[in-house]
Amino acid sequence: MSSPCRTSAVLVVFMALAAGVGAEQSKERSCDVIGDESSESQMERALLKKLEPLSQMRFNVTVEKGKTENYVYHFRVCREVNSTLHDFGGLVQTDRQSGRTTVIGRINETQVFNGSDWIMLIYKGGDSYGSHCSGEKRRAVIMISCKRGVTASSFSIISEEREKEQDCFYLFEMDSSVACPAEDSHLSVGSILLITFASLIAVYIIGGFLYQRLVVGAKGMEQFPHFAFWQDLGNLVADGCDFVCRSKPRNAPAAYRGVGDDQLGEESEERDDHLLPM
């Protein structure tokens with residue numbers, strides 16, 4: 001291979017490698033649950049997937065305590081706050097006076113679990129404390145509570161527990177619909193069947209009416225679909241009710257007298273029988 005061809009081939013390979021590295025770097029890292037991947041539970045994977053709609057959002061809250069503490073907390077759900085630093089920082093504190101940043105928790109040391117209407121996300125492995133908490137690493141606890149109809153809102157800091165020997169943490173909270181349980185249908189099986197049946201009847205009547213009127217050209221009651229069938233069915237039902245519900249034979253005489261003119265005449269003759277001479 002000639003020298004120009006060899007140089008071109010090397011450049012092509014170098015550009016391909018550079019593109020691959022750039023694509024790898026541009027891809028944002030996501031939460032990595034503490035422990036080996038094989039030890040991750042199905043519940044943890046399901047919760048992380050449930051939190052995915054929040055991953056593209058950024059949350060900030062400012063805290064001012066006199067003149068000594070003036071911080072801004074930056075939070076992302078299972079993403080790095082600043083992906084260019086590659087520090088895995090999922091929750092970062094920025095001092096507004098000095099500009100110094102402190103990683104409170106990292107997404108590569110994540111814990112996640114839930115209750116009936118909340119999800120708790122924990123970032124561990126933050127920057128170490130100075131004189132507090134025996135110099136242990138910081139950690140952030142984010143309580144995500146159920147609020148239907150809201151993707152995410154009300155991100156705020158509740159407290160910082162740092163006056164202990166160990167297990168210190170920052171506690172945050174926010175509202176989101178992703179923490180809500182699935183809504184159960186309030187319709188019973190009978191209600192669903194009734195609605196389905198009523199819908200089919202409506203389609204049958206409306207569709208049959210339009211067909212009879214527009215296609216067949218029927219008028220009046222003939223527009224009702226299968227009118228002759230339903231008319232006969234009604235007569236049959238009436239005959240059945242008459243046969244089943246009567247409590248005496250059909251040929252039995254009536255137990256009462258009518259009030260017709262003919263019956264009045266007969267009755268008057270019967271009344272005059274006792275007036276005839278013996």
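We number each residue from 1, going along the chain as drawn.
Glycine too: its Cβ is placed from the backbone N, Cα and C atoms.
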In TrEMBL, one of 26-48, 256-278 is tagged region 'Disordered'. Which stretch would that be?
256-278
Pop the mean pLDDT for the domain 'MRH' (29-182) in here, whole number is fine.
91
